[in-house]
């Protein structure tokens, strides 16, 4: 009897020791801070995914755009899906104290952070190449202008907001890269040799938007002749100038994106180390 009671006491002591070890090894603050942080990240990703799917379904197959980067809905779906899966790993990993999920979440965040940092550095060093690629992307967007309503709204907003028109060659890009606005004799469109209404300079306070204000340009019209009716500044140069004038704002946005990523990396790494310590494994990255 005495031997049995001694074993029971030893088992109870071991059980208390394991409970105490569990309490001291895994910090509830770290665990639930990571969960709350990742949960909000997961919700935002779900919202992006939902908006992308809704926009894509509403457009249907008739207006499908072949170029991936020229369809904002597809971009939202891809980004939202990847972020939703990553957020799911973080949430479940934090709640279930799953080392595999937490490490996946941590490493993916770290890789994304490094890629963003390298991309920013390379973009600064090879700014000419970046400008060339952006010019090609803008030309593709102009070509697909009438094929996708989301892309059309994005281009119109950009041209009105930055008071610009077209890409590298200004308003001439619409004549060169869009089949509805080009000046070829085969083009029977009413928009021939024209530009979208978002290129037009506003005439006072218009109660009704004149969507035909950019029509009826001569094929050989010069920027000097067109400046009274439309914006002649390239949107690439306009956005670049705006970026140079708002470096502090862009820096703040970059920090706002980087800090949550670093916070997720640190919290997930701390929690992994605490779980490994509790399970008797050596900690390490």
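Every residue gets a Cβ built from N, Cα and C, even glycine.
Any TrEMBL annotation is an automated prediction that lacks curation.
These features come from TrEMBL:
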- 164-199: disulfide bond (DISULFID)
- 165-183: disulfide bond (DISULFID)
- 29-54: transmembrane segment (TRANSMEM)
- 74-95: transmembrane segment (TRANSMEM)
- 107-126: transmembrane segment (TRANSMEM)
- 247-272: transmembrane segment (TRANSMEM)
Looking only at the recorded stretches 29-54, 107-126, 247-272, which one has the largest tally of CB-CB distances under 8 Å to the transmembrane segment (74-95)? 29-54
For the transmembrane segment (247-272), distant same-chain residues with Cβ under 8 A (at least six beyond the ends): 26-27, 30-31, 33-34, 37-38, 41, 90, 93-94, 97, 99, 102-103, 105-106, 109-110, 112-113, 116, 120, 283, 285
Outside the transmembrane segment (107-126), six or more residues from its ends: residues with CB under 8 Å to it: 86, 89, 254, 257-258, 261-262, 264-265, 268
Surrounding residues of the transmembrane segment (29-54) on its own chain - C-beta under 8 Å, 6+ positions past either end: 73-81, 83-84, 86-88, 90-91, 94-95, 97, 105, 260, 263-264, 267-268, 270-271, 274
If you measure between the CA atoms of residue 183 (disulfide bond) and residue 199 (disulfide bond) and round to the nearest Å, you get 17
Where's the emptiest Cβ shell within 10 Å among the disulfide-bonded residues 164, 183, 199? 183
Cα of residue 165 (disulfide bond) to Cα of residue 199 (disulfide bond): how many Å, rounded? 5
